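Trainee: Here it is: the structure, laid out below.
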């Protein structure tokens, strides 16, 4: 019997609030409410949207970024905490899967973190960007493979990667082997210019084709006033314009709605889940089109820990702490990520 599910998804392209602490969270909640009025069941926000992506690190040297870096620490998200509680409540209220990018603060370090909340408000996945890109390495620490999981939500199997993680084919394959149905990708947007938008489009359409899944991609947006607040240099301001490609793509690599390349807005489309089988019938890259006896992937999915107590084996230590590290604590209700 064919898959009868049709899931309405939304990808959001809006600007953060640089001025008011908590302002970006208000924008997240308002967008969730708006999406609910459109019948949306899954919504994706841009990379590290709360409180904002560290654009300053792209156009300023580290020696001139200390105050802005400290401000980001002060507004960063503790998981679990007030931000996750607010988003959890909104997800539960509207029975919506919410995929949110945050700057996570874990004691003295910041991380580029993706959070997935299920339709009952439970946080079902917390993962950290494996390797921050270029300028980002001055801002965030590194994630590990413990978060390379697909979450089984109330509507579909959901996976997520951030920005140039999509250029790591092994990271993408790790999610593909768990049979993700909806891939949620996040990019900063308002960066590099039109060439970045073109690269994003190629990337997300290729992943949709290769994995045989839907891709819901969200990029951020900066207003002219916000760009001018980051840098007064006209040449550097050019580096903070363009680069937006908020879009929803089918398993056949087709846009399901007109993508958003500039300005604020929301791309909404219906995902006919039967298209997954239609694609994989022809090419299942982790099934009948795979050759695991020739090519296979090894993953060290143990959480990276600075201390392993001698009172327990390394394997035992990894098993004991993995759920907390993946989902970010016990305050939010949890579901088990998909194992395979």
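Don't overthink the numbers, they just go from 1 along the chain as shown.
The backbone N, Cα and C atoms fix where each Cβ goes, and this holds for glycine too.
The annotation domain 'CN hydrolase' is assigned in Swiss-Prot to 7-273 on the grounds of sequence analysis. Look at Swiss-Prot and you will find 47 tagged as active site, proton acceptor. Marked as active site by Swiss-Prot: 129. Swiss-Prot lists 163 with the feature active site, nucleophile, giving sequence analysis as the kind of evidence.
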Trainee: Distance between residue 163 (active site, nucleophile) and the residue listed as 'active site' at the Cα atoms, whole Å?
Mentor: 9
Trainee: How many other Cβ atoms sit within 10 Å of the Cβ of the residue listed as 'active site, proton acceptor'?
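Mentor: There are 24 of them.
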